[in-house]
Amino acid sequence: MAVARDSGDDSSQASGSQELKTSVTFALREAEDKNLIQEARSLINKQKAQWKEETEGWTWYTWLAFYIPFFGWIRTYQWKQWLLWDVAAGMSTAAMVIPQGMSYANLAGLPYAFGLYGAFVPCIVYAFLGSSRQLVVGPVAVTSILLANGLQDFMPYLEDPNNPKTPEEKQIQENYNHAAVQIAFVAGCFYTAIGVLRLGWITNFLSAAVISGFMTGASVIIALSQVKYILGLKLPRSDNIQDALSDIFDNLGGFKWREFCMGMAFIFLLLAFQYLSRRYKKLFFLKALGPLTVCVISIALMNIFGWYKPTESCKPQPCVQGPKIKPIGKIPSGPPDFTAGWWLPLFNVGRQMVLAVLICMVDICESISIAKALARVNKYQLNSTQELRGLGIANLAGAMFNCYTTTGSFSRSAVNNSVGAKTPLANFATGITIFITIMWITPVFKNMSQNVQGAIIIVGVLQLFDWPEFLYLYKINKFDWLVWVTSFLCTLFLGVEIGIGIGVGVSLLVVIYRTAFPRITTLGRLPGTSIYRSTKQYPEAEPQPNVLILRIDSPIWFANVESVKEFVRTSITRQSKAAAEGGDRVRAVVLDLSPVTDVDATGIHFLDDLVDELRDDNVDLVLGNPAKNVLVQLKRAHLVRKIGRANIHINVADAVNQATSLAATQRKLETVDNV
């Protein structure tokens with residue numbers, strides 16, 4: 001018989017004494033004492049049995065589809081019903097990712113072509129290995145700013161990565177490109193290892209409040225980094241808001257009105273497209289076409305009016321030669337180079353490993369949350385383990401072909417889903433469209449204005465500014481709200497790497513605080529029932545004469561033992577004083593252990609000392625509904641014998657009956673002694 005943990009905790013009726021003893025005996029017998037090797041062997045055998053049951057009857061093709069999901073969905077693909085939708089969704093996403101990818105690559109300090117490569121190779125590989133039907137992978141803004149800030153702390157870099165002029169500048173940019181590919185390789189290894197070893201739980205340390213606050217702060221930093229393209233300024237890279245604003249205001253003398261007017265027009269046009277796509281469902285395609293539309297307009301205007309051509313300007317002095325509106329310049333055509341030879345040795349092992357772990361954790365949280373949301377909307381089950389493996393191998397494949405780290409994109413996945421993508425075939429369509437672009441179409445972008453990328457990124461990161469979450473957390477949970485605010489402000493004023501680090505630290509401190517000071521509740525019996533509930537939540541709950549009933553709502557371990565001990569002692573003292581006014585005292589303490597999932601060595605010492613202290617005061621201790629592993633710990637410490645088998649029960653009602661019986665016996669003995 002298993003130890004009761006749910007409905008039997010408070011609502012079962014009191015059993016007869018013989019039935020109670022039998023139940024407790026079975027419960028204690030199940031809590032057999034196993035050593036670590038036996039426990040490990042038992043766990044492995046359980047996993048094997050579960051895996052054998054799940055895979056019973058699988059054929060070789062089922063196994064193939066399990067590891068490469070492509071073979072699963074392609075077998076049942078409905079070509080007539082789905083092909084058109086997948087191709088349309090893939091091409092719409094490609095129209096969006098071409099200008100976005102180039103912009104994000106520049107944000108990362110890499111040549112524009114890297115953004116196109118990142119939307120080509122990983123997209124194709126993910127279509128084979130990913131389990132999400134609508135997720136689109138590629139370069140994203142947050143990864144790009146993390147990579148730029150991380151690499152530029154220890155690697156020389158160029159302000160314009162697309163036009164190195166001297167051999168020294170070319171070498172600097174080449175080393176920077178190598179380092180970015182190495183980060184993609186290391187992050188891909190971490191991705192794959194986390195998926196293979198099923199370690200996705202470690203991302204739980206990046207709570208939703210941390211990620212939301214970090215991304216909101218990062219969105220401001222990213223937007224400010226693009227203001228220079230809108231204003232036509234030459235500014236150094238800044239990783240916090242105060243430096244960014246200082247640089248902008250200090251260099252306003254170089255303001256170029258033509259670039260400002262064109263950039264602001266593009267921003268308003270993109271916002272208008274987004275508004276119309278949200279306001280009118282039939283115009284949903286405008287969101288995908290917005291970035292491509294402003295690119296086409298920019299290319300047309302620049303070529304028609306010749307604004308890309310160098311002209312001499314003497315305002316302000318001295319005279320300088322340059323274009324009226326700066327173009328992005330030449331983008332190399334052709335397939336990406338094979339870059340697996342760049343992987344090792346790393347330029348800076350420690351810094352690159354830490355940066356890769358940070359990017360990997362943020363990307364996993366972002367990508368998995370998007371994939372789960374899409375799976376929920378489209379009513380299918382997401383295989384998170386396969387998802388991590390797919391993203392990891394997609395990054396490794398990308399690192400072989402001139403790509404930096406990629407992950408699931410929220411905006412492009414939303415467009416992919418809204419257009420009607422049914423399967424990962426949409427990723428194939430996106431990848432093929434990008435391949436055609438990098439092979440034959442990149443020369444078209446040569447004269448496109450730089451302010452286009454600024455407008456696309458600024459509008460793109462607006463969706464990362466999660467102010468509704470700020471308001472939601474303030475209403476729901478002040479601790480999570482504090483974590484959000486801390487993560488946001490630290491990212492804003494200290495930089496993205498420090499910001500997310502402090503956010504995680506504060507989040508862990510909140511967890512430690514909650515576990516170090518757990519909620520301990522005084523229980524009473526609801527009238528006419530054998531159900532025991534909090535006397536604060538239910539004022540009508542009746543305290544039991546001579547019996548103090550407490551529920552500990554957390555594991556008992558070294559971090560919270562002192563607070564638990566102090567509360568128990570204070571409660572006994574308080575109730576004893578109240579009982580003394582009526583001429584009586586507390587004679588038994590019942591601990592409801594149903595929420596206690598574990599007890600460490602310090603917790604065992606606490607229970608041992610508590611038994612001695614209560615006996616010194618002639619008070620009995622009774623335990624209600626301890627979990628199986630808690631019973632194992634009690635048996636190992638010989639506390640079952642010390643407390644007494646008759647004082648360990650499978651529900652609170654039985655424990656209170658036992659405590660009441662013990663209290664009545666004590667009263668009779670005291671009456672006899674007094675006589």
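Just so it is clear, glycine is given a Cβ too, placed from its N, Cα and C backbone atoms.
Unlike curated records, TrEMBL annotations are generated automatically.
Noted in TrEMBL for the protein shown:
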DOMAIN    537-659  domain 'STAS'
TRANSMEM  58-75  transmembrane segment
TRANSMEM  82-98  transmembrane segment
TRANSMEM  110-129  transmembrane segment
TRANSMEM  136-158  transmembrane segment
TRANSMEM  178-197  transmembrane segment
TRANSMEM  204-227  transmembrane segment
TRANSMEM  257-276  transmembrane segment
TRANSMEM  288-308  transmembrane segment
TRANSMEM  353-375  transmembrane segment
TRANSMEM  425-442  transmembrane segment
TRANSMEM  454-474  transmembrane segment
TRANSMEM  481-513  transmembrane segment
Request  = Give me the stretch from 58-75, 82-98, 110-129, 288-308 with the greatest number of Cβ pairs under 8 Å to the transmembrane segment (425-442).
outcome  = 82-98
Message = Pairs 6 or more apart in sequence, C-beta under 8 angstroms, 3 or more of them: is that satisfied by the transmembrane segment (82-98) and the transmembrane segment (454-474)?
response = no
Query = Under a criterion of three or more Cβ pairs within a distance under 8 Å and sequence separation of at least 6, are the transmembrane segment (481-513) and the transmembrane segment (178-197) in contact?
reply = no
Request  = For the transmembrane segment (178-197), find every same-chain residue at least 6 residues outside the stretch whose CB is under 8 Å from a CB in it, and list them.
outcome  = 108-110, 114, 147, 150-151, 155, 339, 342-344, 346-347, 352-353, 355-357, 359-360, 363-364, 385-396, 398-399, 402-406
Remark   = Under 8 Å Cβ-Cβ from the transmembrane segment (353-375), and at least six residues away from its ends along the same chain, one finds 131-135, 137, 140, 142-143, 146-147, 150-151, 183, 186-187, 190-191, 194, 200, 202-203, 206, 211, 214-215, 346, 381-382, 384, 387-388, 391, 405, 407-410, 413, 417, 497, 500
Query = Would you list the DSSP helix, strand and coil counts for the residues of the domain 'STAS' (537-659)?
reply = 62 helix, 21 strand, 40 coil
Request  = Determine which residues of the chain contact the transmembrane segment (204-227) at the Cβ level, with the cut-off under 8 Å and only residues 6 or more beyond its ends counted.
outcome  = 107, 141-142, 144-146, 233, 237-241, 244-245, 248, 361-362, 365-366, 369, 453-455, 457-458, 461-462, 464-467, 469-470, 473, 480-481, 483-492, 495-496, 499-500, 503-504, 507-508
Remark   = In this predicted model, the domain 'STAS' (537-659) has a mean pLDDT of 87
